[in-house]
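Chemist: The structure that follows is given in the form of structure tokens.
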Amino acid sequence: MPMGAIDEHVAVSCFRIFIWIAAVSGNTLILFIVFAQRNLRKKGANLLFAQLSIADFITGTESGVRGLSIVLFNAFNYHDYTKRLCLYLGIPGLLGIHMSQLTMLAIAVDRLLCIKFPILYRNLETMTFAFIRFSVCFGFSAAMTGVAFVGIGQRGDDRIAVCSTGRSLAPWYAQHYWVFLACFFTLFIYAIYIAIYVLFTRQQSSSFGNSAVQKAIFITMTAVLVSYFFFWCIPNVLYVVFKNIGLSETVLGYNSSLIGLLSGVNSATNVLIYGWKHPELRGHMRRVLKGEKASIVTATASRPSMSHLAPATHVTHA
């Protein structure tokens, strides 16, 4: 079966739509819980988690756009794709990718500051700082999404076999900027996580290192890094390899579509990870889903707040 046919198969489209529903509904629930509970939104780490949910919401929307558009294309037997059309369809993916990666980096730095510089961390844990951080992340993401349209007037009417964002981007954006962005985030984030692991190891003999909270952090970070490796690192490494060995643009477009699909999966998976590991959110989510009245959940010595929990990651690509 041709690669383009696989990407446009009804089963793949249905899976994308399912991921879209799961990601959008799950992240909407998390945003509702965080902003509806004053005790949750008072903590900077919870606001970072909400910011990641916004990024995951946008990325999940890309899965829905891709799935629904392919269904409509097949229904009307339209396969004359232009780069302009496919790039417009990829706007949520580009925006969500940038924002999720920036937020993931911010969470990694947040965790490092919390462990290494607790006094500085407490001073930065304010709504003002959280708003500035969100504005910087969103502003950069929106700007670089707009930059992707540079030169679209010249190449916009070019036809492509696979309707993917990667095939619609300018060569410098897809081959240089995106590869640099992927490598930078991957290396820098892993470097920070390694530093955090070293700090955990040194603190194992202390009550801090042996606490249930720190063990939960270690488990969560491990799950997050495994997810990051499979959903972000491997697909992007494959893209670089395929590009360097000179595979066709159709193969690269298919690889780009695969990365976008895995990004949507990750946007839904993050909901499960934090719903499983976040004590406060888990309790609130259970009550909302059961239709029970919301109540204030506070951290205890055995089940501390989100400010001590490790970050989730979001893996995305156009």
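A Cβ is built for glycine as well, from the same backbone N, Cα and C atoms used for every other residue.
Taken from TrEMBL, the feature domain 'G-protein coupled receptors family 1 profile' applies to 26-274. Residues annotated as transmembrane segment in TrEMBL: 17-36, 87-109, 130-152, 177-200, 212-232, 252-276.
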Chemist: Rank 17-36, 87-109, 177-200 by Cβ pairs under 8 Å to the transmembrane segment (252-276) and hand me the top one.
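Modeler: Answer is 17-36, with the largest number of Cβ pairs below 8 Å.
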Chemist: Hey, which bits of the same chain come close to the transmembrane segment (17-36), Cβ under 8 Å, at least six residues off its ends?
Modeler: 46-47, 49-50, 53-54, 56-57, 59-61, 63-64, 67-68, 71, 261, 264-265, 267-268, 270-272, 274-275, 281, 284-285, 288, 294
Chemist: Using Cβ atoms and a strict cutoff of less than 8 Å, what residues sit near the transmembrane segment (130-152) while being 6 or more residues removed from its termini?
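Modeler: Sequence-remote neighbours of the transmembrane segment (130-152) are 44, 47-48, 51, 83-84, 87, 91, 94-95, 98-99, 102-103, 106, 169-170, 173.
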Chemist: Given the model, what does the mean pLDDT over the domain 'G-protein coupled receptors family 1 profile' (26-274) come out as?
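Modeler: Here the predicted model's pLDDT, averaged over the domain 'G-protein coupled receptors family 1 profile' (26-274), is 84.
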